[in-house]
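Single-structure report; data block below.
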Amino acid sequence: MSNFTAEDKAAITSLWAKVNVEDAGGETLGRLLVVYPWTQRFFDSFGSLSSPSAIMGNPKVKAHGAKVLTSLGEAIKNLDDLKGTFGQLSELHCDKLHVDPENFRLLGNVLVTVLAIHHGKEFTPEVQASWQKMVAGVASALGSRYH
């Protein structure tokens with residue numbers, strides 16, 4: 001079941017077509033790690049996360065951020081089945097990685113901020129509302145294994 005209107009879907013897919021996954025992904029994950037430093041504990045293998053500049057310049061942060069946004073691209077193709085789309089990732093993050101599901105919500109909010117910064121006037125209140133709905137849906141789907 002989807003709670004996305006045709007307008008939501010159009011706003012999400014239209015903006016997504018303009019997103020540079022590598023750049024936006026690295027920036028989003030980097031900002032999450034800077035603003036919410038406790039999230040760094042999940043990335044011990046990434047090397048130096050000792051300062052904002054170390055985090056933002058870390059190639060492993062950039063690569064994983066791109067991977068996260070690539071996964072988000074799959075969600076955008078499957079807005080009507082976010083829970084199904086993220087079933088395996090929810091299981092991995094819950095059972096194996098023990099990630100607090102609140103972190104998914106935080107990451108989504110950071111992504112919305114990054115999109116707003118990079119897309120200026122195109123990032124209207126309506127587009128923001130649609131993206132906020134989508135990242136909330138993704139966070140819920142990723143957290144579904146926890147419930």
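Quick reminder: no glycine exception, Cβ is built from N, Cα and C everywhere.
What Swiss-Prot records for H64, H93 is heme b binding site, and it gives sequence analysis as the kind of evidence. Positions annotated as domain 'Globin' by Swiss-Prot: 3-147. If you look up Swiss-Prot, you'll see T13 marked as phosphothreonine. The phosphoserine annotation in Swiss-Prot covers S45, S51, S53, S140, S144. The annotation N6-acetyllysine is assigned in Swiss-Prot to K60, K83 on the grounds of similarity to another entry. Positions annotated as S-nitrosocysteine by Swiss-Prot, on the basis of similarity to another entry: C94.
Known features from Swiss-Prot, placed on the structure.
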residue : record              : Cβ neighbours (10 Å)
T13     : phosphothreonine    : 13
S45     : phosphoserine       : 6
S51     : phosphoserine       : 10
S53     : phosphoserine       : 11
K60     : N6-acetyllysine     : 15
H64     : heme b binding site : 18
S140    : phosphoserine       : 18
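According to DSSP, S51 (phosphoserine) sits in a coil region rather than a helix or strand. Geometry remark: S45 (phosphoserine) versus K60 (N6-acetyllysine), CA distance 9 Å.
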